[in-house]
């Protein structure tokens with residue numbers, strides 16, 4: 001009853017009515033559209049943002065992710081030159097020539113251009129992979145957990161089976177089979193079986209949620225199953241899901257760059273992983289003078305995943321209703337406690 | 001309750017069966033199918049066209065002209081007997097290659113996962129003990145930083161620094177070329193020397209996540225009443241830390257350990273490639289590159305079976321270790 005209890009007093013204030021014992025469904029009729037919109041803005045944009053911003057980790061995470069989006073914007077708007085071979089002197093070091101601040105490769109390609117122009121695709125891939133994994137996991141976990149019985153058993157057997165298939169090797173085979181160049185499709189393929197572990201832990205959480213008395217009340221009132229799942233069950237697992245969205249996204253970063261690095265995934269333009277691969281096979285290992293060729297894509301990868309992890313750690317507070325209503329930064333984040341559940345999903 | 005164990009065991013076999021079927025399907029999904037490439041390759045090698053089909057049947061235990069269900073039955077029965085056919089690229093029985101590769105991979109994965117948990121638990125419990133201190137803050141930051149470094153980045157950097165630039169450790173392989181493959185001290189030393197870098201890079205990145213998990217668990221346990229009661233009883237700090245806190249905090253990580261073992265097996269595809277460490281993952285990748293379907297599918301199956309068994313053991317033993325958890329659970333349908 002966590003969320004609804006806290007929502008009710010607020011609706012009372014906004015419509016100015018007396019004691020509303022019939023529940024929020026009738027009170028919402030008297031609220032004008034403008035008030036509703038304002039409340040939605042207040043509830044889902046302003047407050048979460050204030051809470052998120054008050055935590056230094058989330059703030060840093062948001063800044064880092066924002067920076068990557070900025071880079072993506074630079075690439076989309078064409079504000080930086082396109083990468084091409086022999087566009088600059090070969091093997092320029094970091095900051096040696098400020099026209100090419102990140103240096104150049106053995107073929108005289110601007111490293112900064114390589115990194116910048118692959119950012120949009122990587123962000124697309126990461127987002128699609130994260131959405132896919134969490135979306136399927138939430139669907140399977142809530143339906144199986146709430147419905148229980150044979151539906152639950154079948155869904156859980158399917159996810160057990162999917163979980164048993166090793167991720168990276170399967171992705172490699174699928175990548176060679178389908179040869180996906182589209183970053184959105186690539187994100188989905190990389191996380192093709194990531195949802196299973198997550199779905200399993202959501203399932204076990206829903207098993208306890210469904211025993212709550214407000215869920216039982218909805219059921220006796222004859223509310224349809226999809227509505228119960230959407231309104232009563234999903235809000236409870238949202239914090240967990242968001243944190244895991246971030247972890248799924250990080251897995252996409254790690255796995256995709258790793259597979260690009262191996263040269264398994266198809267690519268049309270050089271991205272961070274392919275650059276790493278070229279540097280590795282292009283002899284950057286043997287000399288100090290080419291070390292930046294390896295380091296630049298590595299820093300790009302690590303930066304993005306630090307941003308994602310910080311965001312995931314702080315995200316927990318945003319969705320924790322107890323923290324949100326207080327709007328105060330006293331309570332300790334429990335993200336680290338949730339961490340133990342990520343043992344169910346793949347880690348690289 | 002015994003009914004649960006029977007069902008759970010049956011599911012292991014059902015899953016392995018399903019994955020074997022899936023691999024059969026995957027072979028047929030791959031571009032050009034399993035036979036086109038092989039046929040072209042055999043013809044290039046000068047095998048007469050009339051003998052090609054027989055050679056393929058010999059290599060893969062599948063008669064390419066038989067109907068699909070017949071191929072399926074042949075494939076499944078030979079897999080059940082542990083016969084994976086003959087590797088196309090290496091010209092050796094697949095079972096032999098795998099038997100040689102598995103110990104290396106198991107060694108690296110097992111040692112690195114144990115080290116990862118040991119360091120993680122140690123650091124995490126210290127952090128929880130001094131919660132909020134400068135040490136705790138510094139190591140939480142460090143843990144997050146470690147979590148964001150993929151193991152292959154650690155691998156490439158350590159290879160660059162320790163092997164190529166400073167030359168302290170070998171750059172590739174499982175043992176030195178001059179060392180006899182027998183159980184002797186030089187062999188063990190050489191194997192150890194070659195495994196340091198793979199184990200190091202596979203361990204380092206994982207420590208952060210485990211430390212954070214252990215820290216969270218310990219803080220939760222420390223807040224429990226029974227810990228306070230133990231303090232009131234005047235028990236020694238050491239006893240409280242090991243018997244009361246550590247035990248309960250490590251408990252939730254136990255399942256994670258077994259599952260991670262399985263998952264990390266598949267990560268060796270990248271790890272062993274970087275170090276040219278001839279384990280399971282190395283051969284899987286080599287087979288993929290060379291379109292060596294029998295070898296590829298066998299490595300895939302072996303990794304999968306390891307994963308399934310890991311989950312199975314985790315499921316079965318968890319209720320034994322933690323009596324609060326009962327196997328099975330309520331199953332009422334709504």
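Placement of Cβ uses the backbone N, Cα and C atoms for every residue, glycine included.
Which of B:138-163, B:216-241 counts as transmembrane segment depends on TrEMBL, and there it is B:138-163. Looking at which of B:104-126, B:183-205, B:249-275, B:295-314 has the most CB pairs under 8 Å to the transmembrane segment (B:12-30), the answer is the stretch B:295-314. Between the transmembrane segment (B:104-126) and the listed ranges B:138-163, B:183-205, B:249-275, B:295-314, the one holding the most Cβ pairs under 8 Å is B:249-275.
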